[in-house]
Every structure is written in structure tokens, then in C-alpha cells.
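Enquirer: According to TrEMBL:
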TRANSMEM  37-56  transmembrane segment
TRANSMEM  62-86  transmembrane segment
DOMAIN    80-329  domain 'G-protein coupled receptors family 1 profile'
TRANSMEM  98-121  transmembrane segment
TRANSMEM  141-159  transmembrane segment
TRANSMEM  180-203  transmembrane segment
TRANSMEM  235-257  transmembrane segment
TRANSMEM  278-300  transmembrane segment
TRANSMEM  312-331  transmembrane segment
């Protein structure tokens, strides 16, 4: 807004207000200010339009229990994920490619939980489901960024396990620190590019409705607020589903088919058991996220799907993966479990 203002040549000197602001400064210009006026109207709509999320249908008797449950769930998610994050960061034994990749998962989970829970518990206790357009777009961006990030991270972890199990002699040569940095950069860059484009396409539309059909803001529910042609948004939305869901699914299918083949051909029972145990927890996390996310996104395009089921599965994407991921990896990965125990004993004991 102020960069647009600075491009002007001033030919007046009297401010019409008691303080300086954008509208009064624009009036000092002696040239065409239509771009500023249009952008000013957009900024008013972006920051001041209030949207209404779907009601929670919680009776007065259950408001405070629901508030406490939501708050405790959020605190547990943050604690468990921070515990995994701190353990990996502090334990030198875990400074290996598998755990460095895993380090990104709690970061993504905490981002998704923070995008959803604070506003949810606030709206429960205040019984107010309104949210500003800017806050809604921000929440939608963070939630899509979390979902895409998790799927890409799990794909990278599957590739790491594939190299470790199927090409153990070449593992150190392939998964070098340089390769690891490039892999993590590609994950977040691709995720940011896809989600940012999704939101930028959304911002070009004019809002003429205010009721969000979901319990939280997301791209499909925000697109439904537009009063103009949204075919470009819909086509790009389908492409993003293919990229976010199809790409990781193909990687998981290929890597796990190769891992399964290697495990069947391997005569060492102990090695086979460890491989299946490590990959089993990873596969469980991926399936939970993949199926819930895919159904939620597709359900927006099918009117026959129950709105209640769509909302329930949509919320489950934001509750179960962030809550279960650190528990599953903390309990099933022996090295991580041992390091977490040692970290807690050291800190509790001191």
C-alpha cells in the first residue's frame, strides 16, 4: 500500500486529518490514483470482512468441557512433538538422515495444530464463530502447507528407508549431508510453491458470501464464497490434489514394493523384523493422512457426500496425525524411544 503511495509526485501540502494516513496522503497526489483506490478497497475487504465458520453445535453444558478438551489436546500435541524435536536435536546418535528427515515432521505437525486449535478453543469459549477474511486465508494457507508438508516429508522418509534396506552398501554414498539438505529444501520449496499459488489464485476472486461450510478455513470452502467464475481455481485445485496425493502415493507404493521384495528375499530374520517394524509405523502414519486428506478434498466436489462426514474427516486430519505421529515414532523407533527416555530421566532427575 505504501509503496504504491511513494510512487506519486505531491502537489498539495494540506493533510485533511489530524494525523497522517493513506487516504489523506493519496489526496496530496496530482496524478491518477485509481490503482491506489482499488488496492485500498481490496485491503479493506481483506482485513475487515467477517466470515462465519460452521457452528460447532455444542450445548451450554458442554462448552467448558469442550474448551478444556481442545486446550489439553493442543498442549499434548505441542508437548509430544517438541519432545521428539528436542530429542533429535540434542542426541548426537540421532543425527542421521532418517531422523533429520523425521525432524521436519513435528515442525509441520505443530504448524497445523497451531493453525487450527487456538481459534477453535477461542470460538468455543466465546461462542463466536466469526473470523476475518485475512485470518481465514492465513489459516487456510497454514493448513494446506501442513498437509502438503507432511505428505512430502513421509515420501522422503520412504525413499530414505528404501535406500537403507534395498541398497545398504550404497546408503552412506547416496544419503550424504549435501543430498539431505537438497532433499529437505526441495520438499519445502515445492510445498510452498504449490500452496502459495493456490492462495494467490483465491485472492483474485471477489467475495460475495460469508458462510464457511467447514469447521475451519480451507481453499475449497473459500472458493465457494466467490461470486465469479472459479474454473481456474477448480482446475488448479485438482492439479494440486494430484501433486500432493498422487506423487507421494506413487513414491510410497514403489519404495514399499521394493522393501517388501527385499524383506521376502532376505534370509536374516532379525533384519527382516527390524525393517518391517520401522516401515510399518511409517506406513500407518501415511495411510491415516492420505485417506483422510483425499476424502476431505474430494468430498467438496461431490454434493452427495454427507457434510457431517466431510467435516468430521477434515477435523481428523488436523487432530490425529499431529497427535499420533510423535507417539507412533516415539514408541516404534527403538533408538528414538531410548533417547527420549534418557532425555526425560536426565531432566526429571536433575
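Cβ atoms are placed via backbone N, Cα and C, with glycine included.
Give me the local environment of each listed feature.
Expert: Residues 56, 102-103, 105-107, 109-110, 113-114, 117-118, 120-121, 124-125, 127, 319, 322-323, 325-327, 329-330, 336, 340, 343-344 of the same chain lie 6 or more positions beyond the ends of the transmembrane segment (62-86) yet place their CB under 8 Å from a CB of it.
Per-residue pLDDT, averaged across the domain 'G-protein coupled receptors family 1 profile' (80-329), gives 89.
Away from its own ends, the transmembrane segment (98-121) comes close to residues 67, 70-71, 73-74, 77-78, 81-82, 84-85, 88-89, 131, 135, 138-139, 142-143, 145-147, 149-150, 153-154, 156-157, 160-161, 164, 180, 183-184, 187-188, 215-216, 318, 321-322, 325-326, 329, 335-336 of its chain (Cβ-Cβ under 8 Å, at least six residues beyond either end).
Sequence-distant neighbours of the transmembrane segment (141-159) (same chain, 6+ residues past either end, Cβ-Cβ under 8 Å): 98, 101-102, 104-105, 108-109, 111-112, 114-116, 183-184, 187-188, 190-192, 194-196, 198-199, 216-219, 244-245, 247-248, 251-252, 255-256, 282, 285-286, 289-290, 293, 317-318, 321.
Residues of the same chain lying 6 or more positions beyond the ends of the transmembrane segment (235-257) and with a Cβ under 8 Å from any Cβ of it are 147-148, 151-152, 154-155, 158-159, 161-162, 190, 194-195, 197-198, 201, 219-220, 223, 279, 283, 286, 290, 293-294, 297-298.
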